[in-house]
Amino acid sequence: MFEALKEVLGEINSKLAAVNNELSSKIMSENIVSTRPVAQAQYCGPYKLEKTLGKGQTGLVKTGTHCITGRKVAIKIVNKEKLSESVLQKVEREIAIMKLIEHPHVLHLYDVYENKKYLYLLLEHVSGGELFDYLVRKGRLMSKEARKFFRQIISALDFCHAHNICHRDLKPENLLLDERNNIKVADFGMASLQVEGSMLETSCGSPHYACPEVIRGEKYDGRKADVWSCGVILYALLVGALPFDDDNLRNLLEKVKRGVFHIPHFVPADVQSLLRAMIEVDPGKRYSLADVFKHPWVSGTTKADPELELPMSQVVQTHVIPGEDSIDPDVLRHMNCLGCFKDKQKLINELLSPKHNTEKMVYFLLLDRKRRRPAQEDDTEIVLRGAAQNNDPPKKRTDSSRTSRYPMGSIADGSPINPRKTYGRNQKSGRHSSLGGSPTESPRSSTRDLFGSSSSGSYSARAGEDRDRGRSASRSTNSYHYYTQPVDPQTLAEAARHVRDAQERRESRDSGRGSSRKESKDRSDKSASSSSCKNDASSTSSVPHKYSPPSVMSESVVVSSSTMNSTNSSTNSLIAGNSQTSIGSTSGPWRSKLNNIKNSFLGTPRFHRRKMSNGTAESDSEDSQMIDTTDLVKKSWFGSLASSMSVERDDTHCVPVQGKTLNSIKAELIRAFLQIHELSHSVVGQNCFRVEYKRGPTVGGSVFSRGIKMNVDIIPSPQQVVIAGETPTYVVQFVLLAGPVRRFKRLVEHLSAILQNSTQQRADRQQQAALMVRPRRLSDSSVGSACSDSESNASSINMIARHSDKTETTSATSSDPYGPSPSMRSVGSGTANSYKSPTPHRRNTTAVTASSSSASNRYGPSSSSSGSYSNNADYSYHPEYSQRSNGSSAPKNQYSPGSQRSFAFSMFNKADKV
């Protein structure tokens, strides 16, 4: 028996073991299948893929974080298997174009990774989102903010056009904002290289922003097409809508072809002229980008002429390539991806030409980019870490060869020998400086005042000194154009010797003031932690005997700011940048002192720079990095707490209402809600309404329009003392739930004007108007009723008499400007002409009798007649004190004579019925 039990238990155990093995194998297989796709998209080189930012036409965009440095990038993932060959060629063209352009307001391309299935583009990460969302959230912008954005857009566009690149798809969706609300032009998928003297043919872009010649399918100039798109964007910034909009695509295209649009009245006149010139149907009459820069609204208050980009044909120095073997294959591959260089053999022939041409210019631009930012393999440990669980890890596109392997000959015929870009107008700033070769590095200074707005303190002093020394002797490190060839060593040594001689002459000139210089240095060290650069300059100028050398101070500050990758434009020369070690190595304390001064200048940019910018005439330029503390408070976690203490709230308005009951306030509110077009309301409480105002199709459509949602509450005044017999005071509270603040304010102002226009206020205005009766002689043609001139005369006299002495008798004609009451008509006047019921369509041409002629003196304080009657309260009718006069809130002297008497007839009819 025991043996039988053992056999049964053994069979049960074996079956349980088999079931466990099957379950464990299934769980293992499910885990492997579920983890495979996650492991594939987990790493891209040293970057860990994180959340999805958005989805575009060609792929997905995710954030990536460097696993060592923590630097964030935006990774655009393109599925090569799902896209056609033509779309992939556009992606390759976008890569080549973005390698040509490096500008502070253009999104940067760092590196490219790929595997068999995907293509990964590592782009600059910006946290501000799209300009489109910013417009939808904020509504139309003020002129100052719109000008700042517009300047940055045309600055980037001018740089692209100088490189013969046309964007062709400019719209707010392709304009991104960084953390400082600066523009970054993105999405060069539609961009094209337009060779000088040629026209573009491809119709592309968005219909709302495309120019008429593109929609008609004609050949067009890409530069003029971009100007049209910029005009539409400027219209959207200032108006909050689009100039051409329609739900039907065919109708929209017809509107764009006609080019007829309406500019609202609130747009300034100078901006209206700019919009008309940019959104011009005829490309020949349309503004060029140079004309846009010269426009008074764009230049602002600065008197200096704007500095445009020079064409690259006048900037890039090209050389003779000895043979086909000397052509860099990587650069040749990138040029092949550009649409205008599809014929490879023709491209090679142009590159081997001894003359300066467009092909050679683009070649040396890309070659210089490769020299400055070589694509090298990633660290082995990082690659192994990312590829440990991935069968096909993304690999970085690297250079197949070094640039030093390919020799170059002499300068090409027609090439600029001394490029003006290096020595010329960009010496004062770093507008087009290189922005860091790796995404792990911070961009070197890139901001530049395109319109000549002056900086303060030592920066402007340094710029002035550089101009005094001569343009050929000093060049800004950041303004040294990175597309030109390296500086000749002999030229560099000559420039260094020139700078050293200038410094020695300056030191010898100031040698007699050594003691005062020491005192000035001590004073500057003490005030460095609490004063700005501008205050230091003013204190130095106020004490003539204490001299501080501005050259050493300003140069040191600039060197330290460029070392720390400051956002300000550095103005130190290339030689000063190379000799900064000698300046810092002469004495140890100088380095710490300079760092202290630098920290005092740059340590708290949010507040002390804001104070410095208050006195400037043009503080809204695209390069001003001033941070508005109000915006920072709104973005912070403690925004609601800080705004309640320091920032004035705009989403709640209270309107006090006096002399009205609760029911009358409700009735007036509901009447006002019903009278406003496109406004709907609902009752959510006994004294509470929910109001929603939706704008219909405007001039630009509803692309950027947003409705308003608000609560309207009627509450008793908390600070009133209720007295018996008096109407309590109420407060109507308007609370914004959603929508633009400016539109909410306008709606509240309209409703408050209706609520506060009480009966007593109207009566007071009528009394004041009655005391200001102007004498006038009414002819028969101007009287549109049965009343005669004598009635008008007596009416004016009796109105004055009533205010001077209420008990005094008046003329027998009438004491009421609107006509006598029925009870008055029964009283005889003693004249030949007795009053009867007036007729609205008959004019009374009866002559004035002798009894009424005594009232012809219109200036007398009172008047009496032989046939007078007692002005008792039982028989008199005073419309200015009666509730029946509520239908007219305007003073009496604002009515025309005919309208006044016709209104009196309506009052007669009501009195007769009573």
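Heads up, the Cβ atoms here are built off N, Cα and C, so glycines get one too.
The domain 'Protein kinase' feature in Swiss-Prot is assigned to 47-298.
As annotated by Swiss-Prot, ATP binding site applies to Leu53, Gly54, Lys55, Gly56, Gln57, Thr58, Gly59, Leu60, Val61, Lys76, with the evidence given as similarity to another entry. Cβ neighbours of Gln57 (ATP binding site) (same chain, under 8 Å, six or more residues apart in sequence): Gly189.
Swiss-Prot lists 375-551 (among others) with the feature region 'Disordered'.
Here Swiss-Prot flags 393-402 (among others) as compositional bias 'Basic and acidic residues'.
Look at Swiss-Prot and you will find 444-462 (among others) tagged as compositional bias 'Low complexity'.
The compositional bias 'Polar residues' annotation in Swiss-Prot covers 473-482 (among others).
Here Swiss-Prot flags 495-526 (among others) as compositional bias 'Basic and acidic residues'.
Under the heading compositional bias 'Low complexity', Swiss-Prot lists 527-551 (among others).
The compositional bias 'Low complexity' annotation in Swiss-Prot covers 563-573 (among others).
Here Swiss-Prot flags 563-590 (among others) as region 'Disordered'.
Annotated compositional bias 'Polar residues' per Swiss-Prot: 574-590 (among others), in sequence order.
The region 'Disordered' feature in Swiss-Prot is assigned to 757-914 (among others).
Here Swiss-Prot flags 780-796 (among others) as compositional bias 'Low complexity'.
Positions annotated as compositional bias 'Polar residues' by Swiss-Prot: 823-837 (among others).
Taken from Swiss-Prot, the feature compositional bias 'Low complexity' applies to 850-876 (among others).
The feature compositional bias 'Polar residues' is assigned by Swiss-Prot to 882-903 (among others).
Here the binding-site residues are Leu53, Gly59; the one with the fewest Cβ atoms within 10 Å of its Cβ is Leu53.
The secondary structure of Leu53 (ATP binding site), as reduced to three states from DSSP, is extended strand.
Apart from the site residues Leu53, Gly54, Lys55, Gly56, Gln57, Thr58, Gly59, Leu60, Val61, Lys76, the chain places the Cβ of Ile77 no farther than 8 Å from the centroid of the site's Cβ atoms, the recorded ATP location. Annotation note: Gly59 (ATP binding site) sits in a strand segment as assigned by DSSP.
Across the residues annotated as binding ATP (Leu53, Gly54, Lys55, Gly56, Gln57, Thr58, Gly59, Leu60, Val61, Lys76), the widest Cα-Cα separation comes to 14 Å. Each residue of the compositional bias 'Basic and acidic residues' (393-402) gets a DSSP state, and the totals for helix, strand and coil are 0 helix, 2 strand, 8 coil. Non-local contacts of Lys55 (ATP binding site) by the CB criterion (under 8 A, 6+ apart in sequence, same chain) comprise Val61.
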